[in-house]
Amino acid sequence: MLTFMASDSEEEVCDERTSLMSAESPTPRSCQEGRQGPEDGENTAQWRSQENEEDGEEDPDRYVCSGVPGRPPGLEEELTLKYGAKHVIMLFVPVTLCMIVVVATIKSVRFYTEKNGQLIYTPFTEDTPSVGQRLLNSVLNTLIMISVIVVMTIFLVVLYKYRCYKFIHGWLIMSSLMLLFLFTYIYLGEVLKTYNVAMDYPTLLLTVWNFGAVGMVCIHWKGPLVLQQAYLIMISALMALVFIKYLPEWSAWVILGAISVYDLVAVLCPKGPLRMLVETAQERNEPIFPALIYSSAMVWTVGMAKLDPSSQGALQLPYDPEMEEDSYDSFGEPSYPEVFEPPLTGYPGEELEEEEERGVKLGLGDFIFYSVLVGKAAATGSGDWNTTLACFVAILIGLCLTLLLLAVFKKALPALPISITFGLIFYFSTDNLVRPFMDTLASHQLYI
C-alpha cells in the first residue's frame, strides 16, 4: 500500500513552506514584516498592493502570511514537482537496498536456497512427478496463504477500529522481537558459517542483543529517522528470506500473483480492509503504526528546527531531551514538541499550526514481496543474473508508475499489482527467451 503524506490545512501556508526549508533558512519577507503591528502591517499591505498593481505582477509572498486562504496559482504544482521527485528517489533507495541484501544473501549463503522444510501455511508438497498435481498443490497452498493474510488483516482492522491499541502494540512488539532476535541470530550464524568466521557464543549473543534492543527502541519508541528506516529495511529482508527458503517454488509464484490481486481489492474496494484502515486513521488524525509502514519523511515539526525567537516570533519551551524528536506514545497517538506562538497583533486568535512534511509511505509488505520476487529469481532455476536484473528493473518501473498514479489520484494506492505483474512478466520472458538466446550466443562465441 502506497500513500502520500500532505498537509490538510490551508489556513496557514507559511508553515507548509517553512517546514520544507532548512533550519537556517531565512523567513520570507512578508512573514517578518507582517508581524510588526497593525499599522505597519496595513501600510505594508497597501504599499505591496500598489506596487503589484503598478508592476502588473503578483507577489507570491503575499499568500504566505497574509491570512488569505488558498494558494497562489501554480504553487501546489511547484511544490509537488519540487518535493515529489525527491521523495520518489528516497523511496527507490530503500527498496533497492532491501532487494540487494536479499540477492546478496541468496547468492552467498546456501542455507536460504536449501529446501528442507515448508511453512505450516503451505502444507501441500510439490515433490510430485505429475505436473497437474504439482499445480493443484501450489494453488491449494496459495488459497491457504491468502486466507491467512485476509483473516489477519481483517483482525487487525477490527482491533484498530475498536481502539485496541495495547493489543496491537503487543502483537507488533512480539513480531519485531522474533524478527530482530531469533531471525537475526539464525541469519548471522549462517553468514559467519558461510565465510568461516569464528565467533564464540557470548559475543554472538551480545551482538544480537545490542542489534535487537536498539531496533526495538527505534521502531516502537523513538530514535533517529535513518536508523529506524535501516531497521525496517533489515526486518523486511529477513522476512523475505524466510519466505524464499520455506515457500515451495511453484507456490511462491502463484502466491505473488494472488497477493497482488488481493492488494488491489483490499486498497481500492470501498469495504477493503486496508482502505478501511487508512480511512479510520485519517478520520482520527492518527498515524499508522511505524512497525507496519516505511515513511520517506517523519512528522517533522517546526519545534525540531533551530528557530531564532527574534526572527520567528516564537516562544520555545526549555530544552527537554525527551521532546527533541517527535515520537509515538504507547497508545499510538502522535507526541509533538510544543512551540507556542504569541498572539499576533492584527490577527486575533491566530496560531501557527504544526505541519506534516510531504512524503511517501510504503507498507513493509510491499518491501517483502518485492524482495521475494527478486530473491526467487536469483535462487530458482538457473539463477541467471540477467533474469535477476530484469526483475529488479521491472519492480522499479512498476513502482515509478504507481507513484505517478499516486500523484494523479492523490489517494492510497496498492503498490504491488503493477510491480509484481511487470516482475512476473519479465521473469518468465527472460528465463524462457532471453537466457536461452544468450546461452546459444555464448556457445557459438558470438557477442553482441
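Any Cβ shown, glycine's included, is placed from N, Cα and C.
With respect to the membrane, Cys164 and Ala281 are annotated on the same face, judging by the topological domain names in Swiss-Prot. Of all ranges given (330-350, 414-434), Swiss-Prot attaches the label intramembrane segment to 414-434. When Ser22, Ser49, Ser130 are compared with the annotations in Swiss-Prot, the one labelled phosphoserine turns out to be Ser22.
Contact between the transmembrane segment (88-108) and the transmembrane segment (201-221) is absent: fewer than three CB pairs lie under 8 Å, with pairs separated by 6 or more positions in sequence. Counting residues of the topological domain 'Lumenal' (245-249) by DSSP class, helix then strand then coil, yields 3 helix, 0 strand, 2 coil. Secondary structure of the topological domain 'Lumenal' (109-138) per DSSP, as helix, strand and coil residue counts: 11 helix, 0 strand, 19 coil. Counting same-chain residues at least six beyond the ends of the topological domain 'Lumenal' (188-200), those with a Cβ under 8 angstroms from any Cβ of the stretch are 105, 108-112, 207-208.
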